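> Can you keep this structure in mind? I'll have questions shortly.
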């Protein structure tokens, strides 16, 4: 029995030592980061700046969707400084809109359930009830490889909390996010 306990103790110590291994690759990555200053920082700085730019002053955003019922973002930031704001939806998948169509519909958070319910029977109008006053803006329904845009007045977003979602039946639970008005 003592030998058995000794083996278990050795195994636990061995596993504990193995759990420390992930720290080693991080230490190995440090020398690689010390590449010549003329190449590495310039290449790294440009994408970081580009990712931060869309917040203020940019009056457009692009949202990508795919065949896995996903948007590539959960937050669209709309600048108050814009007179108009354009959102372009790009479907990066390959399936047609009849089986995996996507759109972007913007409405108040509390109105989205009603927008979904009324849109289910509106296949001919891209799953958006015609003339629905709760809908601030929407794109058309698109399939793989297609894109569609909507343009809205940011002032329409000043009162309340807003969401965007895909109203293709069954997609809204996964494909949604916030629309945030920013300075």
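Keep in mind that glycine also has a Cβ here, set from the backbone N, Cα and C atoms.
From Swiss-Prot, here are the annotated features:
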- 102, 166, 171, 175: Cu cation binding site (BINDING)
- 57-183: domain 'Plastocyanin-like' (DOMAIN)
- 18: N-palmitoyl cysteine (LIPID)
- 1-17: signal peptide (SIGNAL)
> Neighbour count first, Cβ atoms within 10 Å, every protein chain included; then name which of 102, 171 tops the list of binding-site residues.
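Of the binding-site residues 102, 171, the highest Cβ count within 10 Å belongs to 102.
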> Please determine which of the binding-site residues listed here (166, 175) has the lowest count of neighbouring CB atoms within 10 Å.
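Lowest Cβ count within 10 Å among the binding-site residues (166, 175) is 175.
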> If H, G and I count as helix, E and B as strand, and all else as coil, what does DSSP give for residue 102 (Cu cation binding site)?
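Strand, per DSSP.
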> With a radius of 8 angstroms around the mean position of the C-beta atoms of 102, 166, 171, 175, what other residues of the same chain does the Cu cation site pick up?
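So the extra residues in range turn out to be 65, 69, 71, 101, 103, 165, 167, 168, 172, 174.
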> Sort the residues of the domain 'Plastocyanin-like' (57-183) into helix, strand and coil with DSSP and give the three counts.
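Final tally across the stretch: 22 helix, 46 strand, 59 coil.
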> Compute the average pLDDT of the predicted model within the domain 'Plastocyanin-like' (57-183).
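Across the residues of the domain 'Plastocyanin-like' (57-183) the model's pLDDT averages 97 on the 0 to 100 scale.
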